[in-house]
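One structure below.
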Amino acid sequence: MNDAALAPDVSAALERGLQAQSLDTAFAAPLLRYLALLVRWNKTYNLTAVRDPRAMVTRHLLDSLAMQPYIASGMLADLGTGPGLPGIPLAITRPQLQVTLVESNGKKARFMREALRHLELRNARVAESRAEALDEPTAYDHLTARALDTLAGIIAVGGHLLRPGGSLLAMKGIYPHEEIAALPEGWTMSEVHQLQVPGLDGERHLVVVRKA
């Protein structure tokens, strides 16, 4: 399947969503190529439980991109990225970022390598590893995690990767009062942004945590 094989409403929904997020609709072309590849591989390898391409636009692409206004340039590690979410959409729309896609599942890592090759995406690489086993201490300005663990759990497995003063950006549903209260020593909640994801009902929050 190529992006031309996706139904026209999929492309239209993505373009509307990009406009709502104040992103250039020129990004629709590479995002659709990524989406088409994900749909094709998902039929065989079960990379995501979301199977409808139209739902993938909302729940994967636009949801991932909702955090991009809050990420500065630099080195970013996307922990437990699965098939590359949010890391690949962020790498597409933020070429000044250098993105490491951290994923231990071999099928998902192979898919991401193929996606990076297919998209000729030079500012991203795959690290086929568990986050806690990745030996790159203090190498990153930012960590992202979309559906990995509690804030404390994310810090436990990936906190060593972040430089002092760096930021963890974690996607959450409802405001995570208890998780924020349970942050370990040396980590402070910096900001919480309520996100508006085009087409997605329900609460979404981006929690930004700083490392001392």
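Heads up, the Cβ atoms here are built off N, Cα and C, so glycines get one too.
These features come from Swiss-Prot:
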type	residues	note
BINDING	GLY80, LEU85, ALA131, GLU132, ARG146	S-adenosyl-L-methionine binding site
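Packing around LEU85 (S-adenosyl-L-methionine binding site) is summarised by its Cβ count: 26 other Cβ atoms lie within 10 angstroms of its Cβ, all protein chains included.
For the S-adenosyl-L-methionine site listed in the record, the two most distant Cα atoms among GLY80, LEU85, ALA131, GLU132, ARG146 lie 19 Å apart.
Look at the binding-site residues GLY80, ALA131, GLU132, ARG146 and count other Cβ atoms within 10 Å of each Cβ; GLU132 has the fewest.
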